[in-house]
Structure formats: C-alpha cells, structure tokens
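Enquirer: What Swiss-Prot shows for this protein is this:
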TRANSMEM  7-27  transmembrane segment
TRANSMEM  81-101  transmembrane segment
TRANSMEM  113-133  transmembrane segment
TRANSMEM  134-154  transmembrane segment
TRANSMEM  165-185  transmembrane segment
TRANSMEM  204-224  transmembrane segment
TRANSMEM  263-283  transmembrane segment
TRANSMEM  288-308  transmembrane segment
TRANSMEM  315-335  transmembrane segment
TRANSMEM  346-366  transmembrane segment
TRANSMEM  382-402  transmembrane segment
TRANSMEM  406-426  transmembrane segment
Amino acid sequence: MKSVRYLIGLFAFIACYYLLPISTRLLWQPDETRYAEISREMLASGDWIVPHLLGLRYFEKPIAGYWINSIGQWLFGANNFGVRAGVIFATLLTAALVTWFTLRLWRDKRLALLAAVIYLSLFIVYAIGTYAVLDPFIAFWLVAGMCSFWLAMQAQTWKGKSAGFLLLGITCGMGVMTKGFLALAVPVLSVLPWVATQKRWKDLFIYGWLAVISCVLTVLPWGLAIAQREPDFWHYFFWVEHIQRFAMDDAQHRAPFWYYLPVIIAGSLPWLGLLPGALYAGWKNRKHSATVYLLSWTIMPLLFFSVAKGKLPTYILSCFAPLAMLMAHYALLAAKNNPLALRINGWINIAFGVTGIIATFVVSPWGPMNTPVWQTFESYKVFCAWSIFSLWAFFGWYTLTNVEKTWSFAALCPLGLALLVGFSIPDRVMEGKHPQFFVEMTQESLQPSRYILTDSVGVAAGLAWSLQRDDIIMYRQTGELKYGLNYPDAKGRFVSGDEFANWLNQHRQEGIITLVLSVDRDEDINSLAIPPADAIDRQERLVLIQYRPK
C-alpha cells in the first residue's frame, strides 16, 4: 500500500507541475515562438527533412528536436501545451531514467523515487523542462547514453556488452540529430575519468567501435537526405554552429569561466542545502564505482562548457540528472545520521521565500520604485507573486518541523511557482516578450493584412505561429535568418529601412500593409524614419503601424 501511495503522490506531483499549469503560460519569444513555428511549418508543408522558419531555410540545428515538437503539436494542437508537450515528455522520460538507474545502482525503491522527485523539482530542470527549447531533448539522450554505457560495462557476456554499446551509439546519434556533435564530445569526456580509475580500457577499445557504427547508422539516413537536398547544410552547421559558436573569439553568448557557478547554485533550489554535501560525499566515496561514475557525468560536462567561450544556462541541464541521484543518496544518509544539511536546506528555502516576498513588495506599485514592475491595475498579479514566494517559504518551514521525516517536502517549494507564474507576469513584460498577447490585442488589424513586416525574428515567429502564416517579411534586421535570406528563392523576404518607402509604393495597392516594430518604452514613434501611416496602435514595446491602399 505504501508503494501505491508513493505512486499516486508522484502522479499528482507531475500533474501539478508538468501538466495542469502549462497552458496558462504564453509562449516566450524568441525561443519558444521560433521552435513552435518551425514545427508548425513542418506539419503544414510535410517536409520532415529540411527545417524552415518563416518559409526560409533554417540550419542552426538538426532535425530530431523538431520532429518531437511537431508530434506534440500534431497530437495536442497548435496551442501552448502542444508546443511544450515534447520537452515535457523528454523531461519525464529523463526522470524515468533517473529512477531506473538509481534503482539499479542501489536497489532501493524509495531512493529511486526520491531521485526522480528531486530531479523534477530542481529549479533549472523545471524552468527548462517546461520551456519549448531543444535542451531537454539533448539532456534525455545524454542521460540515456549515461545509462547505456553503464549497462555495457557492467554486462558479463559479450552479447550484453555489445547490446549496451550499440544502444549507446543510438543515443549519441539521436543526440547529434538533436543538437549536433556536442552529443559525442560530452559522453566521451564524461566516461573517461571512470574508465581510467576502473582500468576498463580493454572493454572500451574492444566494444567501443560498435557505438561508433550504430551512431553513424542512426544519423546516416537523414544526413544523406539533407545533404542531397541542401548540400551546404553540414558545412554551415559544423563550422558556424559549432566551431564559431563555442570556440572562436566571436562566439555567441560569450561569458567568463565562472559563469556556471551561480547557475548551479540557483538551479539547485529547492535542494541547494544538499549540494555541497552530495558532492563531498561523492568524492569521499570515490572508491565506489557508481559514485565515481555519477560524479564524472556531473563535473566533466560542467568543465567542458565552462572552458567553451559560448555559454548558456541550458547547456548544463544534463549535469543535474546524476547530481539529483547523488543528492537523493546523500539526503537519505543525512536523515539517518546527521540532518544538519537538511535543516540548512530548509532555512535556505525560507530565506529564499522571504527575500522574494520583500523583493515583490519593492517592485510592486506600493513599493519605493518610481517605475514599478507591476501597475496598480495588476494588483492580482502582485498577490500571485507573493503567493509563489509565500508557499516556497511555508514548505521550507514545514521541512523543519520534523526534519528527519518532513525534509522531502522541499519538493513542494516550487508548487506556487508552477501553478501561478503564468498569472503573475507583468503586462510590461508580456507586451514585449509574448507576441500572443500582442496578437490578441491587435487581432482585427493583423488578420486582413496582405503583408506583415517586423524587425524582430522572435516577434515574426510569434506572429507567424499565431496567425498560421509563414510569409512574415523581415524589416531592417535579418538576425538569425541572415543565412536563409541569402538564397535566391528568398528574394523579397527582407526590406531594408532605406528601401521601405519605395517598397511601400510598389505594394500598397495589393492590400493592407502592417509594420510591427519593437521600440523602447520611452521612444517617440513619431520620430521613426517611415512614411506617414494610416493607423498606429502602440502596445508599449510593440507598435503596429498600418498602411491601407490609396
């Protein structure tokens, strides 16, 4: 009966965190709108080989992540949940792997379930795992690779070892098809310390070629298909999206070596109090083969991405699966022997919740700021934000009431965040970051437009997805569409600021022309260097400018 109660609690936890509240959150630009529109266009066109965004070739990522996202929209429709269904599914599958692997290592069902709950409630996992980007997919394939390699190396027969390495190659191949060659580098770097300490080089060299073969065979069908359709895809993807993005001086998202330290700290909430002890206990017990393996999969990817010039918080998502397993193991030991770390964890959550309550007041309409984050008419959003932090502090306090038994309720600290964050986003943020909000406010003006132009790729993708049309034209800025716009068949999909007046004269009689621009909050739109418009509708950071036929 206790196992049944645990399972019911787990399903309720998943429903409250990963299912019920997802539709209440609008899509964020540029990431979610981009991936939503790529998958919508894939479904609309039936082209499952070459990714397109706004009808243009889009070679920043391979295809597998778009396949999963497209299946999500196909199953659940073109809505917020459908867009995020793929990443939620991948995150839950990763948690299932965490459960299975923990059970295999320690033969403890409670520990296995706890590891999954810790993983799913980690702030970084929840934030990225309910956000429509490709990182939850690559995290799943990397964790699957972690499990496959362990299976292969622990097998006692040549058949078992061969099957494990073949499975490892498939997971690496799917990782390559999701986000590129990093899916090869991370597993190699992660297993080397374990192989070295355990002196398992022989098995690696004898069977490792099977992983190489299965990886190549996994990628080969689509790799050949896109090479035939778009011969320059692999050149662009390898040199621009890998070498330039991560290693060269002009790499995207440049950040210092220590960038991931605050990411690890914030991402470990509401289990931050367990982080030092889990890592220290793992190092202290490094003679234990499984502990070394988990430590290696936690630390080595972190070091690899720290050395790379280009950095984003999402890159290290896979590190938190083995870390959650180490945390769960350490937490049970602490509960039995010395619950000091569990008490510290409770106080950290209380402090975080109280700090959030105070910060919410400071940026509210009743606080000291001249330009508050929320306006007076948004008072219900302020109370939602207060509720988020109040619940966080409450469950932090509850874990201290009988810490040896109640410490695991820290998993409920983010419950308010999960349920209420969609209702607490300030309008000033929604107007710039949620194109759906803008479309809802300007639907009647946008719908009959013959041409729509915008100066933001994220906004363009949001407009395209909301209006179910891929013919949005870029104005003044090309952004990440620069490469796709260079093709001859993309002519007419970009209009520069200097050319706009002439372009307008040529196309005005064809129907309503709508210009959607991103502007600064205090920018005077009358100073914009554009022809006089027939209608202007400003929604704070986004402004709709319309020209009608004369």
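Cβ atoms are placed via backbone N, Cα and C, with glycine included.
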Enquirer: Let me spell it out: take the transmembrane segment (315-335), skip the flanking residues so only those 6+ beyond its ends count, and list any with a Cβ under 8 Å from a Cβ in it.
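Expert: Sequence-distant neighbours of the transmembrane segment (315-335): 94, 97-98, 101-102, 105-106, 108, 110-111, 114-116, 118-119, 122, 124-125, 128, 135-136, 138-139, 142-143, 146, 186, 260, 263-264, 267-268, 271, 274-275, 277-279, 281-282, 291, 293-295, 297-299, 301-302, 305, 341-342, 403-404, 407-408.
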Enquirer: With CB pairs under 8 Å as the measure, which of the listed stretches 113-133, 165-185, 204-224 comes out on top against the transmembrane segment (406-426)?
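Expert: It is 113-133, which has the most Cβ pairs under 8 Å.
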Enquirer: Using Cβ atoms only, state whether the transmembrane segment (81-101) and the transmembrane segment (134-154) have three or more pairs under 8 Å that are 6 or more apart in sequence.
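Expert: Contact between the transmembrane segment (81-101) and the transmembrane segment (134-154): present.
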Enquirer: For the transmembrane segment (263-283), name the stretch out of 113-133, 134-154, 165-185, 204-224, 382-402 with the most CB-CB pairs under 8 Å.
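Expert: That would be 113-133.
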Enquirer: Please report, as numbers and ranges, the same-chain residues at least 6 past the borders of the transmembrane segment (382-402) whose CB is under 8 Å from any CB of it.
Expert: 270, 342-343, 345-357, 360-361, 364-365, 374, 408-410, 412-417, 420-421, 423-424
Enquirer: In the same chain, who gets a Cβ under 8 Å from the transmembrane segment (165-185) while lying at least 6 residues past its ends?
Expert: 61-65, 134-135, 137-138, 141-142, 144-145, 148-149, 151-152, 207-208, 210-219, 222, 237-238, 241-242, 304
Enquirer: List, by number or range, the same-chain residues at least 6 past the transmembrane segment (134-154) whose CB is under 8 A from its CB atoms?
Expert: 35, 61, 64-65, 68, 86-87, 90-91, 93-94, 97-98, 100-101, 104, 128, 160-165, 167-168, 171-172, 174-175, 178-179, 182-183, 186-187, 190-191, 200, 203, 207, 293, 297, 301, 314-315, 317-318, 321-322
